[in-house]
Each structure stands twice: as structure tokens, then as C-alpha cells.
Ligand SMILES: Cc1cc2nc3c(=O)[nH]c(=O)nc-3n(C[C@H](O)[C@H](O)[C@H](O)COP(=O)(O)OP(=O)(O)OC[C@H]3O[C@@H](n4cnc5c(N)ncnc54)[C@H](O)[C@@H]3O)c2cc1C
């Protein structure tokens, strides 16, 4: 097993997934981050009382989330990342490594504009094109099975794997909550890193939007995509969750159950270069109305719900809202950055940094592929 040390800066889905892949490959890994999932810090060094899951300083707690690859036919790189994630999740669900309330393979309907083909027809189970009807003319409707999950529960699952690896020969990952670093050079000066032999240390930069603000990364192609969603309780979804994504209206509309928990995320918005953290009331109403119209089963726990929806134009008000969420997706013009680089530490020496950020709207569905690619870079770096 290599005795090389990897420090991962960032504890969102990308940092955790990279740490897991490195741990599986035998590296000794520590995670340092400003925002850390609560199940990691309760076992180490909790600071403050507010749940980190309520912080809008990071994206990962706010995701829908589902697997719905956006990769066009010619984008083989993104396809490879998304495929690796789908394959891994299929194993996890088949082997019941995650509870159904956390992640579930569900019937999925996707309605997109125009005529199009999908690269993943042979990957996802039960893929079918649905013939045009008058309502869907000008759109392509496909059905298949795909994954939906609860973002906070999936983060907790990753933390648990990192702290308590099933393979006893692997070293548990250490978590350290920090304040915000102003540069990667400052991270190299942290006592955890500066006490290690310099040539043994690799730093992974998985800071999402942080890569815009860290002074020695200052990647100006990083930008925010605001996402507002509404979390509702839909008890009928416990037994039979379904996922629907539609581009039939002016704004994207989606219904993503949090596994089979009975909680469902309704969305949404994709507001480029917008990092407004407050709730927009008009968006909340529009999301509730449009989601009920693409997925009337949201009210299936009410007697005669189809009649209720037909007769009452305000039926969307009967949806049981638990919370309205706003999250900021860390996007990058061009593409997600996964590559080895070097930055100067405070003594002016060049130190190795492995970047893994900019996943935008696809951080979960590409996470396993990004992690494998980052770990391949680490293997090459340490030789
Ligand atoms: C509404 C919404 C719906 C979404 N739906 C989906 C979906 O269905 N499927 C999907 O695949 N993706 C989805 N996403 C996107 C996904 O959530 C993101 O791509 C992903 O969470 C990005 O993860 P990350 O680890 O790169 O960044 P983040 O989660 O933002 O984590 C960044 C980490 O770096 C730390 N950090 C940053 N700067 C510093 C610093 N200076 N010092 C110390 N620590 C620092 C933070 O504290 C945090 O730990 C959605 C996002 C939103 C908002």
C-alpha cells in the first residue's frame, strides 16, 4: 500500500467521492473543509450549532438529485464519467448497500425539446422512445429507469464508508473542519500538511465555487447557476416513487423523489450567473403548479385526486410544502476541471495540486467518474 498522503480540500460530493476512490486504492486520506456533512463532524470536531446542511456556502446538500445525463452524443468525456457513476450506483442498489430511502432505481420520464438521440440508450434499463401525441409534438419523450436519491442521506452514506471502510485493511479517512482558506498556499502551511514530508503530499482542490475565490486558483471560468426547488411530502411516493423531467414549459420542470422516503424535490430553476440566496415567491408558485401538471400522482394520497385536480385550478395549493430551497451549482465554462497542476507554497516552492471542480448541474451523476479520473492522476503522480 502506498504511504503517500493525500489531503482533499472540500467535502462536497466531489471531495468525498475522490477521497473514497483514493481510500479504496490504498492512500491515506484526510479531508479539510469549511462545510462538512454533520455525520462526519459529530464524530470529530463539530463547531457551531447550525447544521452544515443548511449552509448555502456549498452546493451538495441542495441537489435534487437524480441521474439524467446531459452529455451530448459527441461528448465522450462526460459520458465516461456519467456511465461510471451509473454502473457503480447499480451495484450499490443491487447489493442493497444503500437503503431505498436514500437511493432508488425508479421509472423515469424525460421530455426534451426537438428530436434527439441519447447516448445512454444501452446503459439504462428499459429505455423506450414514446410516440408523439398532440401534447408532446415538437418534443422527444423517453422513459427508462434511473436513480433518484436524497442528497443529505447520500453524503452521510459516503461519510460512513470513509470513516468505517468495509475492507479492514483500508485506513479510515480523517475529517477536519476549517475556516475558509484564502489560497492553496495557505492550505500547504496548515499544521496537518506542513508536518508531513513535502514530497509525500498531494493536495486535491475540490472546492466548487471556492476555485473562483482562492487567490492562487482564481479560475474566472467558474460561475454560479442558481437553483430554487421546493421540498414536499407526497406519502404515495413511498411505495411507488417516479421521476419526471420536462422542458415543455418556459422553465425546466422536474419531480425528483428523495429515494423512497416520501419526500420529493420539485424544481426548478437554472439561473446562470445568479447567486441570489433568497427565495423567489413567484418561482415557488410556478414550480408547484407546473410540477403538479406533469405529475398528478403527487396528490395520489387524496381520495379522487384526479377529479380534485381537474375541478380545482388551485389544487397545487394542496401540496404539502416542507421547505423551499435555494442552492448554487458550481459550474465552469468549458468543462469540469480534473487535472494535475502546481501552485507555489508560502516559501515559493512549487507543490502538486490535483483539481476536481466545476461539475455544475451534474456533480452527483458524474461523481464516480470524476473520482476515478482524479485517482488515476494521483497514481500517475506518485508513480
Ligand atoms: C437545486 C440543485 C439541484 C441539483 N440537482 C442535481 C442532480 O439532479 N444531479 C446531479 O448530478 N447534480 C445536481 N446538482 C449539482 C450538484 O449538487 C453539484 O454539482 C455538486 O454538489 C457540486 O459538488 P462539489 O463537491 O463540487 O461542490 P460543493 O458541494 O459546493 O462543495 C465544496 C466544498 O469545498 C469547501 N470549500 C470551498 N471553498 C473553500 C475554502 N476557501 N476553504 C475551505 N473549504 C472550502 C466547501 O466548504 C465544501 O466542503 C444540483 C444542484 C442544485 C443546487
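Our numbering is plain: 1 for the first residue shown, then up by one each step along the chain.
Including glycine, each Cβ sits where the backbone N, Cα and C put it.
Under the heading FAD binding site, TrEMBL lists 187, 207. Taking Cβ-Cβ distances under 8 Å and a sequence gap of 6 or more within the same chain, the neighbours of residue 207 (FAD binding site) are 9, 10, 214, 217, 357.
Feature annotation from TrEMBL assigns D-dopa binding site to 254. In this structure, residue 254 (D-dopa binding site) is part of a beta strand by DSSP. Under 8 Å, Cβ to Cβ, and six or more positions away along its own chain, residue 254 (D-dopa binding site) finds 64, 66, 243, 244, 245, 246, 265, 266, 267, 268, 291.
The domain 'FAD dependent oxidoreductase' feature in TrEMBL is assigned to 198-377.
Sequence-distant contacts of residue 187 (FAD binding site), defined by Cβ-Cβ distance under 8 angstroms and a gap of at least six in the same chain, are 7, 9, 32, 181, 193, 203.
Look at residue 207 (FAD binding site): DSSP puts it in coil. Taken residue by residue with DSSP, residue 187 (FAD binding site) is part of a helix. When averaged over the domain 'FAD dependent oxidoreductase' (198-377), pLDDT in the model lands at 96.
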